[in-house]
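I have placed the structure first, in the form of structure tokens, so that the comments after it can refer back to it.
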Amino acid sequence: MALELLKERWSSAINVLKVGAVKEEGGTRASAITVGGQTTLPFLLDEGGMPHRPVVAMEIFDVAPLEWPVSLLEPFGDAVKDPVKWAKKCINEFKADLICLTLKGTHPEAENISADKAVELVKNMLKEISTPLIIIGSGDKEKDNDVLARCSQATKGENCLFGLAAQDNFKTLVASCMADDHCIIADSPIDINIAKQVNILITDMGFKPEKIAMHPSTAALGYGMEYVYSIMERSRLAAFVGDKMLAMPFIIFVGQEAWKVKEAAANVADEPGWGDERMRGPLWEAATAVAMLHAGADILVMRHPEAVATVKRSIDSMMKGNND
Amino acid sequence: MALSGLEIYKHLPKTNCKDCGFPTCLAFAMQLAAKKVSLDKCPHVSEEAKKVLEGASQPPIRLVTIGTGENKLELGNETVMFRHEERFYHPAGIGVLVEDTLDDNALKSRIDKINKLKFERVGREIKIDLIAVKNSSKSAAQFAKVIKAIVEKTKLNLILMSENVGNLKECIKVAKEKKPLLYCATKSNYQEMAQLAKEHSLPLAVHAENLEELADLTQKIVSLGVQDLVLDTGPKSPRKKICDLTYTRRMALKKTFRPLGYPTIVFTQSSEPNDEVCEAAGYVVKYAGIVITKGAEPWQLLPLLTVRSDIYTDPQKPVQVEPKVYEIGAVKKTSPVLVTTNFSITYFTVAGEVEASKIPAYVISCDAEGMSVLTAWAAEKFTAESIAKMLDTSGISGRISHKNVVIPGYVAVLSGKLEEESGWKVLVGPKEASGIPSYLRSMAS
Ligand code: SF4
């Protein structure tokens, strides 16, 4: 007797999000990055499609993150002191699909780098690299509203992905991104209702839903990863049955969370039972990313080259046989 | 399974005698289907019907036990496809492969290494559950020798793997007290394997290349009297494997398809050490019952075991840490004191930032019923009174030479009241934990 497997067929798809613009579209990128469009839960290619594979962005800073653990700084060498050099290394050597530039140094309590300087860096970055660009503020609301608005204006037509727009601070960024035709990241604090609410607030301003990526929060493996995992699954299931305000692709900031925890960062001298941190750290980041992939992540923002390479191989192996 | 009222009705006496307290057999059947009454309320139901109806109330995925005593590993009996619907109940067994071709020294060092695969994190011990011993030598004597060494040197549960039923038969006496999983029954050997499993009451792994053949095989084995089965669809790409695992779970839960209503076992295919862990992590989050890896390095197993603890956490229960004083780094009497709630994510985020700052500090987690700072404050679980009480009863005063406490920026409004209640000087910290390092640094200078 032939066994008939129960296959799910969903009525709705995840939005297709395109970041970056090529010359014909008014930008200067060599090619754009497209994610989303799924009609199935992650990698169940027997019952639906994943027309665009998940991508990995590598995260770089405007100021050298000397507080990073040695095991994370090492692979970049001196390049961390020069954002453009750093970005190029990520693209050419480490095969990043795109670059995420976090303007950490603009924070008033950090280097308080001016908006002018940030604009200069972003423009220079776009001139020197050919991949699409994600641009993230420092987390200081007032400063971000100034810096990101200026960066948005200066990169008009490049279709960058800007973030973060949150429930209590979205208007300025949404207005800028809309005027300059960029994409935006809608941020929410591990709460599906707020995630939906932010998407509603943003689209209510006239912003196109297919230019939004959702950030449902990120948590490291062992530090609440499962909360994010379940929010993502719930959100996807709702989108598949027609909730348009949850149908945005996910962006997950894996590197930033994974490298905070001591399981990734601690020296083997401090935790002899845990093994070499040069192996452990990147794997902690990669394992966090893989769990997020299985929950539906579309854009992973990562840090360690070894973790990036591992996750890219993992994506390859999960997408293999897409058409068989 | 969910039999419908009508299906149940077919098996009832249909006399409408009302002895069950319902006006008709059909009414009773409806209540049964809704699980509002139990079958024994009808005194007239036949033995045969009882069997059918009780069989239908078996869990859709059988609970299978490997091993004995407190180390035993229970698998299966899962109820949902997604953890947010309820929870995942029986954490996937994680194990490491040992081939019996290792020489004495290599075997000894492998066992030593495996025995160290336990970790203390977040105040909990996590460890692997199994060793899968593979009869790669094809020799019964060698297999027996290696199994014996493992039984003597570890408390871990066992999977005995051989293509040769004769070898398994011979070696079983060395390990049968440990109630190992026998691996595995196939199309060609299932009769003998079932016989062996039955004789020693052991769980049995069943292998076929696809789910259809697997379902066919389990039915045959069940009819031979062996019910504690574990399913294997053999080596294939990780993506196909995830499909197999998903469809097995879905058929069991959504269709009550008993021939696939068993836990599963997966062996990693990747040989690159990082890839292997990522592959295994995918299986753990997507329904695998047992995952066996070749790698046995601590830096491989620590993340893999953590993926398991995360995914099998009860999503209904906010995860809490014990409300008490935690020392981060080499604290001194002058080190700063920070308070936060006992919601584990909140606590660990704060603790992580303090650690990242490299400035030793005390972090006090206050009992806020596992809520985050803002939620707890709104629910009045994180108040001036409760913080003051914690400062008073936690014994922090005896450990430091100052009386300054840092509260989260979001509850700055509590400052005045807390100073009054506690007599401590209250400092308002940053709103977000990410601001802690710079805050602590500026405090120190
Ligand atoms: S006691 Fe049994 S036979 Fe009598 S009415 Fe109820 S279900 Fe029917």
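From the backbone N, Cα and C atoms, a Cβ is placed for every residue, glycine too.
Keep in mind that TrEMBL annotations are predicted by a computer and have not been checked by a curator.
Per TrEMBL, the candidate among B:ALA280, B:ALA281, B:ALA433 that belongs to the 5-methoxybenzimidazolylcob(I)amide site alongside B:THR340, B:THR346, B:GLY370, B:MET371, B:SER372, B:VAL373 is B:ALA433. From the candidate list B:CYS42, B:CYS171, the residue TrEMBL records in the [4Fe-4S] cluster site shared with B:CYS17, B:CYS20, B:CYS25 is B:CYS42.
Among the residues the record lists as binding 5-methoxybenzimidazolylcob(I)amide, namely B:THR340, B:THR346, B:GLY370, B:MET371, B:SER372, B:VAL373, B:ALA433, the two farthest apart have Cα atoms separated by 17 Å. Of the listed binding-site residues, namely B:CYS20, B:CYS25, B:CYS42, B:MET371, B:VAL373, the sparsest Cβ surroundings within 10 Å are found at B:MET371. For the recorded site, B:CYS20 ([4Fe-4S] cluster binding site), the DSSP three-state label reads coil.
For B:CYS17 ([4Fe-4S] cluster binding site), the same-chain residues lying six or more positions away in sequence with a CB closer than 8 A to its CB are B:HIS44. The Cβ of B:THR340 (5-methoxybenzimidazolylcob(I)amide binding site) lies under 8 Å from the Cβ of B:THR346, B:TYR347, B:VAL350, B:VAL363, B:ILE364, B:SER365, B:CYS366, B:VAL373, B:PRO408, each on the same chain and at least six residues away in sequence. Note on the domain '4Fe-4S' (B:1-59): DSSP counts are 28 helix, 0 strand, 31 coil. Local packing around the Cβ, expressed as the count of other Cβ atoms within 10 angstroms, is greatest for B:THR346 among the binding-site residues B:THR346, B:SER372.
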